[in-house]
Amino acid sequence: MATQNVATKKRRAWTTSVFIKQLMAVSGFVFVFFLLFHSYGNLKMFLGAEVYNDYAHWLHEEAFVPIFPHGGFIWVFRAAMVLMLIIHLWAAAYTWKRSRRARSTRYVVKKSVSDSYAARTMRMSGVLILLILIFHIAHFTTVSLPAKVANFGADVTTPYARMVASFQSPVLVILYAVFVGCACIHVSHGFWSMFQSLGWVRNATRKPLVLLSGLVGLVIFVMFMAPPVAIVTGLIH
């Protein structure tokens, strides 16, 4: 009976661990979709001030009207993203705590050097992403940074003008590149982990999924960095 109880507890713990990892994978996938959508919107900077400002106005005021009231969609979307962030952070904390507990047992799972390195960078990049995300929201969403930090003048009143004014500063472009780079490393490993958590990794699919994970991170990096680089080099003004 005691042996059966121990086996049952282990099975429940394993089932819970798998569920939590799947929860983290799904919430992470939502963030990948958000990053692709956000970076696609930023590329409208190349179409000029009128197009970009109209897009920003549509997103904040007219999106999916009359399904949502005017300005309603963006708040529902933000609430959903906050919920996904809470789920992702909670799942990550649970997984980290469980892995620490597992290291104290005599059962050790052999990992590759790349897997161990990626797992460490996931924790570090995750913390850095969270900190810079707060900065990013204060910079562009709430526009609550001091004018000198944000590089905003008195005439900077539109989303397009804020983007151009901000990324004329090489320091902000570098900071943004670090942020996006960390996010893309996080996304690439997270995308790969999602496939593992969902049980899609096989010998035949391993290499294609590794390539796909890296490609997703690279595409997001290029899409996000294209407007800032174009602004700081004078292609967008």
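For all residues, glycine too, the Cβ spot is worked out from N, Cα and C.
Straight from TrEMBL, the features:
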type	residues	note
TRANSMEM	18-37	transmembrane segment
TRANSMEM	73-96	transmembrane segment
TRANSMEM	127-147	transmembrane segment
TRANSMEM	167-188	transmembrane segment
TRANSMEM	209-236	transmembrane segment
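Using a Cβ-Cβ cut-off under 8 Å and counting only residues 6 or more beyond its ends in the same chain, the transmembrane segment (18-37) has close neighbours at 81, 84-85, 87-88, 91-92, 94-95, 183, 187, 190-191, 193-194, 197-198, 216, 219-220, 223-224. With a cut-off of 8 Å between Cβ atoms, the residues of this chain six or more beyond the transmembrane segment (73-96) that come close are 17, 20-21, 23-24, 27-28, 30-31, 34, 59-60, 63-65, 67, 123, 126, 130.
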